[in-house]
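Chemist: Take this structure first; my questions come after.
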Amino acid sequence: MLKKNDEKINGFLFIIVLPFLLFAMSYYGFESSYVRLKTMEKAPDFMFSSVYAYRVIPNYLSVHVTDVVTFVVDHHFSFLKGFLLKQGTMFYHSIFLINSFFFVLSSIILNLIFKLKPAGILLNLNIRRLIHLLAVFFIVIVQYVPTNCDSIAIFCYLLGVLLTLKYLQSRKPVDFIMLCTVIMISTLVRETSCLNISFFAAVFIDFEKLKKKDFTFIKETLFLVLVFIVPYAGLRMMIHQDLSFVEGIYFLANFSSPFNISGLLFGIISLYFSYVLCNDEGKILIKKYLFFSIPYLIMIAMVGLFWEVRLFLPLILTGIVAASYQFKNIIPNR
């Protein structure tokens, strides 16, 4: 009984408390060139223009959580107002609260993924916790670029990964339906929801079977594509913007700036680290995942900045999942 209680306490400390403290340190203990976000009194106008306008859910939360936090501090915790304003505006604190909430949820989802069907070495609880903390550190590291959407997007992505793996194991229609729902909702958060389709395709589509004209799971994959396209196109029809797809073209800057090149190397080396830890099945999964993620990789090369390594985070986390999950002897079939 005492051992079980110790495991629960340790799990709470490692899965929730420590990740939250690390996250708080990244927001209040370190500062970067993006620190001007701390001085913004409210959600800036650029969040509602260009490509940012289509990130409906994070924008909605940013506005309304800021209002709630401001009201609560003004009317119930006025004695803390001076201290809080020294650390940033109410808008900045609201971004932290939103992101830390979804960050903790992401940590919980990661724990569920690692427990689902752990590969070899991860059967040891202590090793599993170390891998979990490694994933958490990667999430925290990229917070030097604070945004209102990344933590929500990562939570949605990891939830989609969990549902895909559960569908792989059980083939329950409810898991596939929930995956469709997650992709549809997360498209209202950020376009990276398409990576859930890449992961599903990497897990279920077998290139050798395709050569033999066996199109198993192609229909499900195409349905997920449709689930992504409908809200994606719908947003662009409902919210008209002059620059609806990109903020700018940064392709040359990505391959000429030492900062961007270092960001690219960080992403490549981090993913390669996971690749080395994988068994043969995990390595095949990563290769297929990168193949199906080519549209995303082209997009971040064209319109993203490699220095903002948060763009590589879904790929890095996928590599860690591939190294930790036992794909061996699980062959997708009807």
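Cβ coordinates come from backbone N, Cα and C, glycine included.
Because the structure is a prediction, the values reported are computed rather than measured.
As annotated in TrEMBL:
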{"type": "TRANSMEM", "residues": "12-30", "note": "transmembrane segment"}
{"type": "TRANSMEM", "residues": "90-114", "note": "transmembrane segment"}
{"type": "TRANSMEM", "residues": "126-145", "note": "transmembrane segment"}
{"type": "TRANSMEM", "residues": "151-168", "note": "transmembrane segment"}
{"type": "TRANSMEM", "residues": "221-239", "note": "transmembrane segment"}
{"type": "TRANSMEM", "residues": "259-277", "note": "transmembrane segment"}
{"type": "TRANSMEM", "residues": "289-307", "note": "transmembrane segment"}
Chemist: List, by number or range, the same-chain residues at least 6 past the transmembrane segment (12-30) whose CB is under 8 A from its CB atoms?
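Modeler: Cβ under 8 Å, 6 or more out: 87-88, 92, 96, 99-100, 103-104, 107-108, 111, 129, 132-133, 136-137, 139-141, 143-144, 146.
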Chemist: For the transmembrane segment (151-168), which partner among 90-114, 126-145, 221-239, 259-277, 289-307 gives the most CB pairs under 8 Å?
Modeler: 90-114
Chemist: Under 8 Å between C-beta atoms and at least six residues away from its ends: which parts of the chain pack against the transmembrane segment (221-239)?
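Modeler: Distal contacts: 53-54, 56, 179-180, 183-184, 187-188, 191, 193-194, 196-197, 200-201, 204-205.
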Chemist: Go through the chain and flag residues at least 6 beyond the ends of the transmembrane segment (126-145) whose CB is under 8 A from any CB in it; none is fine as an answer.
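Modeler: The answer is 14-15, 18-19, 22-23, 25-27, 30, 32, 34, 99, 103, 106-107, 110-111, 114-115, 118, 151, 154, 270, 308-310, 313, 316-317, 320, 323-324.
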Chemist: Under 8 Å between C-beta atoms and at least six residues away from its ends: which parts of the chain pack against the transmembrane segment (90-114)?
Modeler: 11, 15-16, 19-20, 23-24, 27-28, 37-38, 40-43, 58, 61-62, 65-66, 68-70, 73, 84, 122, 128, 131-132, 135-136, 139, 143, 146-148, 150-152, 154-155, 158-159, 161-162, 165, 317, 321, 324-325
